[in-house]
Amino acid sequence: MARRSQGTKLHLAVLCLVVSCHAIGLSDLMERASQRSDKLHSLSTSLTKDLDSHFPPMGRVMMPRPSMCHTSSLQTPKDKEQALKVSENELISLARSLLLAWNDPLLLLSSEAPTLPHPSNGDISSKIRELQDYSKSLGDGLDIMVNKMGPSSQYISSIPFKGGDLGNDKTSRLINFHFLMSCFRRDSHKIDSFLKVLRCRATKMRPEAC
């Protein structure tokens, strides 16, 4: 019941966002998007810590390298200094491309979480669903933003996700689940950083304050 109530509130918030955002300024839209991306990154960090609490001893050795994340093919700024040099249109395109690239992986994580061999799989499953909700909410908000910014900001890179199975044994499932979450946490940080730079520009803040 609590989960349903929470989901209802979020969906109402999304509906209000879609209905009202067309009537508010771009800087306010940037602020709302930044708040949602911050929550997305915070949730992914919390999930990663949950997984760390029950990780196989050899997990760190066996887990794929970050370069194996399916979004690694997308060229993105490496830090804030580089992001500050990128145009608004490119930053919003990168944020939307990364967000869209995680639709299918989040579906996989959501389906695997309830039976994950982890003592906190119930909490993990709940947080994954929250990630999906906030990802959808953020995506809807960014769609409204690009409509205000014009056609040149609407380009999205297609990033295929080929993984559809976390493995059969317990160790493989834990490691691959953790790997995907680590990739998502990295990308959620990028999305949050890009949107904060956009927010700074919209509010004319000094670069060092971003």
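Cβ from N, Cα, C; glycine included.
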Task: Cys183 - recorded disulfide partner, Swiss-Prot, among Cys21, Cys69, Cys210 - done: Cys69
Open item on the list: Identify the disulfide partner of Cys210 as annotated in Swiss-Prot; candidates are Cys21, Cys200.
Closed with: Cys200
TODO: Give the number of CB atoms, excluding that of Cys210 (disulfide bond) itself, located within 10 Å of its CB.
DONE: 16
Open item on the list: Rounded to a whole angstrom, what is the C-alpha distance between Cys210 (disulfide bond) and Cys183 (disulfide bond)?
Closed with: 24
Task: Distance [Cα-Cα, Å, rounded] between Cys200 (disulfide bond) and Cys183 (disulfide bond) - done: 26
